[in-house]
Structure formats: structure tokens, C-alpha cells
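Going by TrEMBL, these are the annotated features:
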SIGNAL    1-21  signal peptide
DOMAIN    56-289  domain 'Glycoside hydrolase family 19 catalytic'
DISULFID  Cys145-Cys154  disulfide bond
DISULFID  Cys254-Cys289  disulfide bond
Amino acid sequence: MGMVRAASFLLLLALLAAADARRQKGGETACDKGWECSGSRFCCNETITDYFKAYQFEELFAKRNSSLAHATGFWDYQAFITAAALFEPRGFGTTGGREMSMKEVAAFLGHVGAKTSCGYSLADGGSLAWGLCYNHEMSPSQSYCDDSNELYRCAEGVEYYGRGALPVYWNYNYGIMGKGIKQDLLNHPELLEQNATLAFEAAIWRWMTPMKRKQPSAHDAFVGNWKPTKKDTLSKRYPGFGATMNILYGDAICGKGSIDNMNGIISHYQHYLDLMGVGAQHSGDNLDCADQVPFNPSSKSPDS
Ligand SMILES: *[C@@H]1O[C@H](CO)[C@@H](O)[C@H](O)[C@H]1NC(C)=O
Ligand SMILES: *[C@@H]1O[C@H](CO)[C@@H](O)[C@H](O)[C@H]1NC(C)=O
Ligand SMILES: *[C@@H]1O[C@H](CO)[C@@H](O)[C@H](O)[C@H]1NC(C)=O
């Protein structure tokens, strides 16, 4: 190539590098996108829409509109993105560079896919293609009202069966979550099966919020913000996907050896990593929770 062409090529590289540096600096005025510029420490980081597109959502949840599914037409990409945007300034899908960010979205959606799946091994497309098949529990065996809870009393005529993207059960869990996302879920739990944005919002709130003080959120345990205490290491709790199952489901899933329910959640996570192009080989250390002692006893876990 000619000297002039080579020189202008170098100039272009230099300009690109400068633009890159400006993006990395994180100053309020340097960013050119929405929320990142409002003082969040994730300012200038990539957002979920940069690396997770509508077509990928369609691939992950390929069978959700099938005639056999139970929430046809309910779930969509935009609802997920709208809900996620509320939590991106706090680090959801924006922490630690592109690979970690993509892994976090795969991990979160892996939980969602496993919990809302109607797939079984002989299902069309395989059992992992059927996430977001449900938006509520089909045949609740009870109304999930704990009368002894004085803080979040059951509303009359309202049932608290499982609803949403990470199904919520019991009056007190609807109460706590409603406070978290500023919606009256105690009186209107049906919002989680009527509004996909709110269903995702509630689920991401759960992912981002510790169950108890001094415990990590699933987000923190996954992205590496959490440093295990001595007690944690003695309980075999280490950062990774396994700990997210421990936080979200406790002894319903964890500390029971290599059970199918646990493996099904891991399989969804790994399948989504493959579909997103990250690859299941990057699922990270401490993938399972087979030997972990639960953070909280079952009576306190939201899924019991
Ligand atoms: C499923 O339905 C939603 C909502 O109507 C739509 O946005 C989406 O494209 C559909 N996806 C598939 C895979 O059928
Ligand atoms: C994103 O934000 C976190 C927290 O401020 C930071 O550690 C990280 O380096 C940022 N950049 C990328 C590309 O993730
Ligand atoms: C779902 O809830 C959000 C947040 O309250 C609201 O902005 C939106 O309009 C609702 N969508 C529908 C379809 O009701």
C-alpha cells in the first residue's frame, strides 16, 4: 500500500484508540449512552443490548409460542430488556467485561428457563428448548397463604401460587418482592402473570438482592464481588453458578448430591452459553451446589 494510505490507516487506528480510552475513563461527560452517564460506576460499560440481541432471545426460548406452551405470546425480548435496564446501573449484565456480562445473562436466564420449562427429554427440539413455557403454576395444590405472617397479611380472595420468571410463592415473598419493585404485589400478585416486564423485573430484583443481610446476592456470588467467609468455605460455598442456586433455592436444590433438578438448571445455563456463543466450557468454577450447605434453612427459602 502507498505511504499516504498507510499513514492515514495509522491515523485511523490512533483515533480509534483515543475514542476507546475516552470510553474506558468513565467520566460523566465521556459516555455517549443513556443511564451509564448518570454517575453509575458502570458508566461507559457495554449494555445488554450491545451483546444480547432479539434473535438470540428467540433462539434461547425457541418453543415458547408453540401450541403446546402455556404462556404463548406472553414473554418477549423487549420486556426483558426494559426490566434489565433498571438494574444495569447496579451491575446486572454490565460487570467485569463482555464475557462475564454475557455469562451473567446466560446464568440468570438459565435459572428462568429451567424454572419455566415444560420440556421433557423427548420434547420437540430437546428438553432445553422449552424455557418460558409457563408464566404461572398450573394446578396449585394450595393458596400459599401463611396466616402467621403479620407483616404481609394475605389479601382476601387472593392466592399466592407460583407466578413470574423465577416463580414467586407465598404471601410474604410477594410482599417482600412488591416492596422491592414498588408494586402492590401483595394485593395484586396477578401482575406477575399479566405483565412480562414486571415478571422479569421481579426476577432480576431477586437475582440482585441478598436474601439476608451479610449474605451475597446471586449477582454478587456469580460475578465475583463476594468473598466467602471462613464459615462459607467450611460449608463448601464458593463464588460461581453453584452458589446462585444455593441463594435462590437453598436446600430445595443444594446439598443433596447430584440431583436431576440441580443438573437441569446447570444444563440450561450451559445450553444458553453455547447459544450465545460464549461456550459451555466457560461456565466457570464451582458450577454445582451438590455438596454446599444451604445459606438458609428451607422454611426461609422462597421456593419451598
Ligand atoms: C413469540 O411471541 C412474541 C410475542 O407475541 C413475539 O414477539 C415473538 O417474536 C414470538 N417468538 C417466537 C419464537 O415465536
Ligand atoms: C465495568 O464496570 C466495572 C465496575 O466499575 C469495572 O470494574 C469494569 O472494569 C468496567 N468495564 C468493563 C469493560 O466491564
Ligand atoms: C407493565 O408494567 C409496567 C411498569 O409498571 C408498565 O409501564 C407497563 O405499561 C405495563 N404493561 C402492560 C402491558 O400493562
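From the backbone N, Cα and C atoms, a Cβ is placed for every residue, glycine too.
No curator has checked TrEMBL annotations; they are predicted automatically.
Ranked by how many other Cβ atoms sit within 10 Å of their Cβ, the disulfide-bonded residues Cys145, Cys154, Cys254 place Cys145 at the bottom. Checked against ligand 3, the disulfide-bonded residues Cys145, Cys154, Cys254, Cys289 give no residue with a Cβ under 6 Å from it. DSSP gives Cys289 (disulfide bond) a coil state; it is part of no helix or strand.
For the domain 'Glycoside hydrolase family 19 catalytic' (56-289), the model's average pLDDT works out to 96. Cα-Cα distance from Cys254 (disulfide bond) to Cys154 (disulfide bond): 30 Å (rounded to the nearest whole number).
Between the CA atoms of Cys289 (disulfide bond) and Cys145 (disulfide bond) there is a gap of 30 Å, rounded to the nearest whole number.
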